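Asks: From Swiss-Prot, here are the annotated features:
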BINDING   Gln87, Gly105, Glu106, Gly107, Lys108, Thr109, Asp512  ATP binding site
BINDING   Cys892, Cys894, Cys903, His904  Zn(2+) binding site
COMPBIAS  898-908  compositional bias 'Basic residues'
REGION    860-908  region 'Disordered'
Amino acid sequence: MFGKLLTKVFGSRNDRTLKGLQKIVISINALEADYEKLTDEALKAKTAEFRERLAAGASLDSIMAEAFATVREASKRVFDMRHFDVQLLGGMVLDSNRIAEMRTGEGKTLTATLPAYLNALTGKGVHVITVNDYLARRDAENNRPLFEFLGLTVGINVAGLGQHEKKAAYNADITYGTNNEFGFDYLRDNMAFSPQERVQRPLHYALIDEVDSILIDEARTPLIISGAAEDSSELYIKINTLIPNLIRQDKEDTEEYVGEGDYSIDEKAKQVHFTERGQEKVENLLIERGMLAEGDSLYSAANISLLHHVNAALRAHTLFERDVDYIVQDNEVIIVDEHTGRTMPGRRWSEGLHQAVEAKEGVHIQNENQTLASITFQNYFRQYEKLAGMTGTADTEAFEFQHIYGLDTVVVPTNRPMVRKDMADLVYLTADEKYQAIIKDIKDCRERGQPVLVGTVSIEQSELLARLMVQEKIPHEVLNAKFHEREAEIVAQAGRTGSVTIATNMAGRGTDIVLGGNWNMEIDELDNPTAEQKAKIKADWQIRHDEVVAAGGLHILGTERHESRRIDNQLRGRAGRQGDAGSSRFYLSMEDSLMRIFASDRVSGMMKKLGMEEGEAIEHPWVSRAIENAQRKVEARNFDIRKQLLEFDDVANDQRQVVYAQRNELMDAESIEDTIQNIQDDVIGAVIDQYIPPQSVEELWDIPGLEQRLHQEFMLKLPIQEWLDKEDDLHEESLRERIITAWGDAYKAKEEMVGAQVLRQFEKAVMLQTLDGLWKEHLAAMDHLRQGIHLRGYAQKNPKQEYKRESFELFQQLLNTLKHDVISVLSKVQVQAQSDVEEMEARRREEDAKIQRDYQHAAAESLVGSSDEHEAVTAQAPMIRDGEKVGRNDPCPCGSGRKYKQCHGKLS
């Protein structure tokens, strides 16, 4: 109450921010008359003038008003479009490390030209990031004439470009591209073997379109570059045949309740668990098929790989549904993005889940992959010196943007008042009743010529509605992941009189729905249209536009509430653009996922009390509030998962930054001779310490062992025992120095034989290759550690602290192994000539060619340890169990005091 009172008196933080920026808008508008008088040449010359002022020490803020005025005037001349004042406000928000929430149709693409131009003047590069290749190409080509008029270069960074094309794109003043490509290029640059192979410049300014989609929806998806691991497709096929024998149980076993099913599903957490009965049944089935030894347990260390496959198969059959979570196309399983409804070719689920789904669908099973490099979008984008974003719906996620990325959200007012009518939800008891009501609403809209956009949450639902419309003879277009090729065309005409378009979730986002249809697209379809043809198309469009406005504008019809309010708002936001008429309504049923899982008891009770009959709907603020509270719960849970994932990934990120920085230093250095010298002293010294403990008596020295080790690992054949026998005054310190000097002399001789330049090149190649190999193994070890770390909670230990401690130990181990392996390789290898270095480089390139770029959808549960699955601890080689098999009711060996089945035995 007091908060509302204070806001009324002082205005909200958003109001105060906009008020401060409004003063700069006045300054920009004051320059307009003078800039209109400038010739084209004088206007173009402004770019060089601004660059000179920046070079002389001026700040971007000091030239902002003039730069924005320049872009506005150039836009009027090139596009015949003038930036509105609200677009100037949006541009200033984007320049100040903030997120601008701008409604659909307010011209975000044109707004982005303002901060992009201003920040490009520094010469450090601007990255404008979109969600797909189509939007990246479209925005780059649309804005290219404006930027080139002002003397700036524009690059496009999309999939399929060669190294030289990529380099050219990054060297442009402004580079448009997708988040995937920028992230993958960063990883590839950090796997390069020479500075010439790198394509990116230091990360300066990123301007993200649809920022909520990229920084929030995609935040749980790490970008992964991977290489193929061993083939285990046969095992997936065999285990796939077991799952249909299992029976689902309504709820989990407890002390009071023991069911008769084999597994239970937790729909809230999106997890599946075996019951005790199910575990025994699976073990018996595996024994029958000869995949498990008689009397052996699925949970013994030797069978962890088998357990991993069983868990993956169970999840594939119970949690992942065809035409909802994925589609099968051209004998391939392709993931469908749950947030946008788009397909994601080339992206694969990790931890063997994708292979399990392939086995379930009977398509070709691709090999599992080994991670070579990975990063989350969260950690990639936090590396930019300046970061900003724009979207139509950011306010619901403002806390997360601030908490994770340090970005404030500013809601930019619309240019014209919003007149869309958002009607209350209608809730039905069954899905059939809901669909009947939807069809009736669509028919009513068509009768009055009002276009309808029907939003669905899955491909399956969109196809069901399409079948119902065919039965009712309602002409319609379907826009889902299966028909994305026609996406822009379908969306462009979705505003025509009486048209009906079914769209999966937010498919078609980024393309405006114009009332009456898109007349620009009609003109583009003609070859060299005449002025008369253009005028006729525009006149016809105006008639259609007026008809649609009179009918009530675009009607948005939601068939189900999404887990996130933001996605619902995005669907609503397709109507009412730029002050257009429009309306929206959501139709729900008690059988919808969100209602069934989160709101069912309360709302069902309410509906029963009201004595509802078949086909009758409830429309009440209480119901809407209950649904919104359910959505808030899901949003809070998803935020916690992303936050927890980031906390874990931050540990890996610190190590990644160190390794990549060291790697770049190595690559850029002319010579790493001094580094090799320092490492050599450490490595040889550490080996000597193992056989001659520091400050120890001679009786404790193991000289034969030291001689053998130096010869085996460093090709040093030294008569150490002879030295000691002949020289009484040879003590520990001087012996140490003599051994290290002997290695140095042997290495010097090698250098004289092959030449200093060849050896310097070879040192660098060995160091980089060894580091890459060890880093790859380290990533696998970190994955295994992270995915099993939640089990430490059973031993009353903090999993996060344990993860930090153990990952640091692994990293120390990596550095020590790196030093040792580099010196060992340099000691043993006989470099004959320059050709040896070239051959090594050729082999490395061959390996590179085998690497496939992969997106792996890491299940958030396994990443942060909220799942009880232990599929993560997949062994690289079979492990032999020593000691007796632990019974399920025996005390757990970890010492927690619990039964084994309730502690470390509770793996699924």
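A Cβ is built for glycine as well, from the same backbone N, Cα and C atoms used for every other residue.
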Asks: Have a look around Gly107 (ATP binding site) and count the other CB atoms within 10 A of its CB, chains all included.
Replies: 19
Asks: Quick check: in three-state DSSP terms, what is Thr109 (ATP binding site)?
Replies: helix
Asks: Which one of the binding-site residues (Glu106, Asp512) has its C-beta surrounded by the most other C-beta atoms within 10 angstroms?
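Replies: Highest number of other Cβ atoms within 10 Å: Glu106.
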Asks: Within 8 Å of the centroid of the Cβ atoms of Gln87, Gly105, Glu106, Gly107, Lys108, Thr109, Asp512, which other residues of that chain place their own Cβ, given that this set defines the recorded ATP site?
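Replies: Result: Met102, Thr104, Leu110, Thr111.
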Asks: 10 Å Cβ neighbour count around Lys108 (ATP binding site)?
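Replies: Cβ-Cβ neighbours of Lys108 (ATP binding site) within 10 Å number 22.
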Asks: For the binding-site residues Gln87, Gly105, Thr109, which Cβ has the most other Cβ atoms within 10 Å, all shown protein chains included?
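Replies: By the 10 Å Cβ neighbour count, Gln87 comes out on top.
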Asks: Largest pairwise Cα distance, Å, within the listed ATP binders Gln87, Gly105, Glu106, Gly107, Lys108, Thr109, Asp512?
Replies: 17
Asks: How would DSSP class Gln87 (ATP binding site) in three states?
Replies: helix
